Amino acid sequence: MSDKVLVIGAGPNRIGQGIEFDYCTVHAVWAIQEEGYKAIIVNNNPETVSTDYDTSDKLYFEPITLEDVLNIVEKERPIGVLTQFGGQTSVNLTVPLAERGVRVLGTDPDDVDRLEDRDRFSKLLKKLGIPQPESGTANDPEEAVEVAEDIGYPVLVRPSYVIGGRAMEIVYDEEDLRRYIEEAAKVSPEHPILIDRFIEGGIECEIDGARDEAGNVLIPGIMEHIEEAGVHSGDSACVVPPQTLPEHAQETVLEYAEDIAEGANVIGLINIQFVYDPEEDEVYVIEANPRASRTVPFISKAVGIPLAKIGTKAILGREIPEVLDEMGLEPPDGDPGIVAVKEAVFSFEKWPGVDPVLGPEMKATGEVMGIDRTFGAAYWKAQLAAGHELPLEGTAVISVADRDKPDIVPIARKLQRLGFDLLATRGTASHLREHGIECEVVRKVSEGSPNIVDLIREGEIDLIINTPTEGKDARRDGYAIRRAAVKFKVPYITTIAAAKAAVEAIELVKEKGVTVNCLHDIHKGDWTPREVKPEELTRYGG
């Protein structure tokens with residue numbers, strides 16, 4: 001009998017599929033070797049650890065296509081193929097490989113399809129009694145309008161089977177929807193679009209978990225998204241443990257996650273995304289991915305549990321409690337003893353025409369993390385690592401959409417209390433003054449000079465809070481402000497949730513300073529810090 005296992009890598013780096021999956025691939029290889037098998041990798045990205053000469057027992061530097069993988073399987077005769085660790089690229093090969101008689105290790109290909117296929121997944125959730133946002137599928141523009149009206153605006157629309165939320169958008173009315181169909185998506189029976197109810201003000205969160213054949217489930221923790229629902233999970237900062245998700249909602253998330261893993265007979269890894277609606281006090285399931293996700297490295301490092309390695313051993317027949325015991329690890333209790341923040345890294349300075357506003361279409365090209373004992377300090381460290389050094393003083397410009405004006409008041413008040421001078425565009429300034437917050441009015445780009453962009457160019461602005469607004473002039477103004485911020489390296493924030501987090505971080509660092517700790521010490525529970533003044537830290541670290 002063969003003693004080889006073939007692992008399919010993630011292929012080239014691109015938005016939505018990056019080096020996080022290579023981390024998972026390498027950990028899978030190490031687990032395979034520890035279990036006494038030879039690990040073979042197929043990947044075609046030279047900028048990865050998985051394609052280093054000494055990572056696997058054999059490397060095939062070939063395209064990640066069905067034909068190439070079948071040729072390798074025919075030559076090597078492995079006991080099976082692992083498709084869970086190369087992101088959506090490798091998962092998409094699961095069913096085609098199984099149909100051609102190849103043994104796919106882990107979750108059965110039919111169960112993979114049950115989680116990937118919208119209709120089958122909806123039926124599974126219905127059977128399990130788990131709610132999901134109302135949704136529908138449209139094969140032509142008129143059907144899309146009907147479905148959206150039945151669900152009720154706003155809705156989230158996207159083509160089926162996408163990586164990184166490409167061509168995904170939140171639409172607020174029929175005119176918006178028709179424009180989306182015309183510009184972004186060709187709708188046909190072969191290429192339907194998916195339409196979901198968008199939960200405004202919802203708190204998104206997700207879990208990465210592993211399950212073995214005996215039914216043991218391991219969930220290291222819940223990652224709460226800092227951005228509001230509607231920002232792609234790959235672009236949103238997230239935090240472990242959750243900071244605003246109620247305790248009972250966290251319990252529901254864990255319960256639903258275990259039910260889905262069991263209901264779909266998952267063997268190996270699974271990622272499930274949820275949204276909590278505070279108004280209805282209801283947790284909804286958005287989607288489940290039967291594979292390693294881009295957050296596996298983050299949650300693994302945040303709680304000190306190598307999830308990809310444990311998931312691989314579960315796929316190879318080991319039981320999770322036994323593996324944890326072997327590694328000297330305790331099952332997580334939901335409190336890692338630290339606060340860890342993951343922040344997305346963007347390359348907007350290299351993309352002159354792209355609006356650096358966050359939305360449902362992924363734009364991040366990497367990620368970093370900050371660790372501390374408080375959320376504010378961890379968030380500040382994550383921003384610093386991502387190249388955004390939050391200012392502790394200076395001038396802040398605020399220009400927000402009408403829907404965000406009630407929420408900006410406490411943020412502006414806190415900035416003023418922290419010693420910032422405030423500038424605001426006319427509408428925002430009027431709202432702030434009504435609530436007793438003094439600020440100067442600054443012109444929008446469309447209102448002539450000197451305007452916000454002129455001040456950014458002259459180095460007079462230290463922080464920008466600018467949420468996207470509707471209307472042609474408003475969109476053009478916002479775009480010009482955000483592009484100027486990128487060009488002149490001024491920290492800019494495009495969501496209310498991120499603004500709240502940033503102000504909390506500024507307040508904490510300004511009042512208490514920040515500490516630097518060794519990662520190894522943190523996982524041993526040793527918090528003997530070196531006190532560091534904020535000014536001693538540079539944009540590139542401490």
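Every residue, even glycine, has its Cβ placed from backbone N, Cα and C.
Predicted, not measured: the structure shown is a model, and the values here were computed from it.
The region 'Carbamoyl phosphate synthetic domain' annotation in Swiss-Prot covers 1-389.
What Swiss-Prot records for 122-316 is domain 'ATP-grasp', and it gives similarity to another entry as the kind of evidence.
If you look up Swiss-Prot, you'll see Arg158, Arg197, Ile199, Glu204, Gly230, Val231, His232, Ser233, Gln273, Glu287 marked as ATP binding site. Under 8 Å, Cβ to Cβ, and six or more positions away along its own chain, Gln273 (ATP binding site) finds Glu204, Cys205, Glu206, Ser233, Val285, Ile286, Glu287, Ala288.
When secondary structure is read from DSSP and collapsed to three states, Glu287 (Mn(2+) 1 binding site) falls in the strand class. What Swiss-Prot records for Gln273, Glu287 is Mn(2+) 1 binding site, and it gives sequence analysis as the kind of evidence.
All chains included, 16 other C-beta atoms sit within 10 angstroms of the C-beta of Glu287 (Mn(2+) 1 binding site). According to Swiss-Prot, the Mg(2+) 1 binding site annotation covers Gln273, Glu287, on the basis of sequence analysis.
According to Swiss-Prot, the Mn(2+) 2 binding site annotation covers Glu287, Asn289, on the basis of sequence analysis. Every protein chain shown contributes to the tally, and the Cβ of Asn289 (Mn(2+) 2 binding site) ends up with 20 other Cβ atoms within 10 Å.
Summarising the annotation, Swiss-Prot assigns Mg(2+) 2 binding site to Glu287, Asn289.
The domain 'MGS-like' annotation in Swiss-Prot covers 388-542.
Swiss-Prot lists 390-542 with the feature region 'Allosteric domain', giving similarity to another entry as the kind of evidence.
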Inset, instruction - Round to a whole number and give the Cα-to-Cα distance in Å for the pair Gly230 (ATP binding site) and Asn289 (Mn(2+) 2 binding site). - result: 18
Inset, instruction - Please report the number of other Cβ atoms within 10 Å of the Cβ of His232 (ATP binding site). - result: 23
Inset, instruction - Take every residue in the region 'Carbamoyl phosphate synthetic domain' (1-389), average their pLDDT values, and give the whole-number result. - result: 89
Inset, instruction - Give the number of CB atoms, excluding that of Arg158 (ATP binding site) itself, located within 10 Å of its CB. - result: 20
